[in-house]
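**Q** Dumping the structure here so I can ask a few things about it.
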Amino acid sequence: NKSLKMSTMGALLRLALAATLCYVVYSKMTIIDTPEELKTCFDQPRFNTKETDPRLDNIHQYCIQKFRWHLQNNNPNITHETTHWIDELLRMANKEARKKRQAGAERRRKEIRRATDKERTDFFRAINLLKRDTDVKPNRFDALGLLHQQRGDDVHHGAAFLSFHRVLLLIFENALRQKVPGVALLYFDSRLDQPLRDPTRSIIWSPQFLGTVKGRVTDGPFRFWQTPAGPLVRAGGHEGEYFTYRHIRAVMTRSRLEEISEPHAPPPFDFEIRHGDVHQHIGGIMAPAETAGFDPVFYMHHCFVDYLWEVFRRSQKEKGVDPTRDYPNRYGTAAHAPNALMGLGRLRNLHGMSDMYTTRMYTYEPSPTCSYRSPSCGSRYLTCEFRFGRPQCVTLEMITPTTPTAPFGSATNGQPQQPQRQRTPGFPNFPGSTFPGFPPTRRFTGRKKRQASRGNGRGRGNGVIDGSLMSNHGQNVLSQFGQNGFTQFAQNKTREMRQKKHEVRMGFNPHYENNMDVFQKITTEDEKEIILSPMTNMCPPTVPTNTIQNLFQMNGISDSRIWVYIPVQVIYKRQREQMVFESFPIEEGQLDVGKDIYDPTRYQSLKDNFIFNVNYSRSCRDMDGIFTKIMVHSDGLNYHGSFREFAVVDARQPYTSSTIYMAVKSPEKYHTEAIFQAYDPCGNVCKPYCKRFGHFQPCDGSLKLDNSPPKLYGMDYGEAIQLVWGITNEGIPKFRPDNIQLQFVCN
């Protein structure tokens, strides 16, 4: 019996040990330390103040980007043919500089919405001709993008940032002029778009301008482009932010280049970090600096950055500072030293500081402005707004979204054309071989246009919009007002703006009367209509309107099959910006508008958990809806790749959660190390918690995965869902949270 007991105890011990070992294997997704380089960047004192500008999510992306350059194992070598071509383009610049010594510069760079239709057409045509020209591999346009990628950290995160990109822009402009003589670069002033409640509805993202901003670019002059990083995609509006006048005013208060340059400029004066916010806001291929040069928007954005630098340099001269001799003493790494080679011919970083570029080669037309006396912005694609304390030019907004079209000059880089879909009514065609721009504009307000429209013989009396000519999204917008309500809204807004005119009591340009009309109804050649609105904040979306098209690029290879998915839980605590939803209790038949049933601070059982001690005021325009979007990132620590996803949570509830599935490098052949981060719409960092011994504990969000069974990842999205969702015998989905190893708490 004693022997039997000993044998039984031994068996039990072995079972217990086996169970323990299984538990350890089960928790094979291990917590690792975040690299010291990243932690040091995150913890810089200049980034950790009570200032809300810039946002922490933008700061973290700056640090991640800086770290990413060193993971790029296949940094492309610049071919001899590219080098010779760059030398040729620089000789063009040198020849022009000597020729224009007396006459001055003839190139005039304009904001893209201020350019004429012909100027914009020529600009887009030249870009597409570069894309098609494969005499320089892979083609002339992408060769310059690869050059930017190859220079990497040597031209970012230091004092050479502005001077390098100034010369790169000149090289690109000369390349365009080889294809279309006389063409000049156009710049994209994103300040004109920033006031929109949803900047992705700006006219700038219509087929007439830059095309699709959400997902693969399927319309506009660059439709269906293929790049060395995969298809041309954008992810507009999910992260980052455009330039604002406040941002630029802060930069212009400084007088030295060192005060606005990496690696020492404090926020909000750091111009390089600020410019990166726009990269993030456009997203897709524009987001990582390594691939940004494959999207033509890159050059238009950097052209505006160069314009702002020129404004800064003129300000320096007014303050008695010579900008040509103002190279920072604290310049960063050796590659940013003043006499270090740029990697563009034999030019050195100091050469980019010369005044020669803007005195002999090109000039800038000032960014559009308006005033009470002159309320025109000089473009039918811009309107003058008065609600900012002073008049300000703002882009027109599309009420109807864009759909795939086939404009002239779209280069596919040898790729087969995608099949044409049925086009949504309400959008312009691009007939023939030109970009004619919009035909003459007809304006309406419910009161002003009482006669019936003559188009197609269909009456639209009293300015009522024909919803049948609008897309599904446009019809949804219309339904929020109703036919009469929509027209009445336009009338009221028009009266409000006219009243503003009389209050000012100044002399006005006669053109101002036309600007009073609220909506523009643009009729295309096939007599369809697209509705534009110069107003901002109209019909703001309460839920995200698009998903994120990730690049699935890892170490230079774009292929989703080499990625796996892991489940991540996001727990959200209601924010103080969301304390009122106007759902009121009724007591004795009376509505108590002083209370909100969703407000947790009015309940004894909850209010102690919702005391906010914030030392600064936050303003987050994405925090005012029923739903809140939490962005989650995964970035490789031992591979060069990233993935973006968002969780949608119910902002009414005091606590809520959502499960998403994040992609990382497959650990099937070699283990994976990645850092995960999450941010609320204000840019605040959500706290990561990693599972250890069955319980969630605070961590940095850095994890290591291997292929030991049982696997805590899915080989595809479907397998990842099966990790946390099962089906009962009754066919009811059942949540199984045990397989979740990472969660974020946003509070």
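Here the Cβ of each residue, glycine as well, is placed from N, Cα and C on the backbone.
Marked as compositional bias 'Polar residues' by TrEMBL: 404-414. The annotation compositional bias 'Low complexity' is assigned in TrEMBL to 415-436. The feature domain 'Tyrosinase copper-binding' is assigned by TrEMBL to 156-173, 295-306. Residues annotated as region 'Disordered' in TrEMBL: 404-467. As annotated by TrEMBL, signal peptide applies to 1-18.
Show me how these features fit into the structure around them.
**A** Across the domain 'Tyrosinase copper-binding' (156-173), DSSP classifies residues as 13 helix, 0 strand, 5 coil.
The residues of the domain 'Tyrosinase copper-binding' (295-306), classed with DSSP into helix (H, G, I), strand (E, B) and coil, number 10 helix, 0 strand, 2 coil.
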**Q** For the domain 'Tyrosinase copper-binding' (156-173), what are the same-chain contacts with Cβ under 8 Å, counting residues 6+ beyond its ends?
**A** 65-66, 69, 86, 89-90, 93, 107, 144, 147-148, 183-185, 257-258, 261-263, 271-272, 289, 299, 302-303, 305-306, 309, 327-328, 330-333, 335-336, 338, 340, 342-344, 347, 349-353, 357, 361-362
**Q** Any idea what the model's mean pLDDT is for the domain 'Tyrosinase copper-binding' (156-173)?
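**A** Its mean pLDDT is 97.
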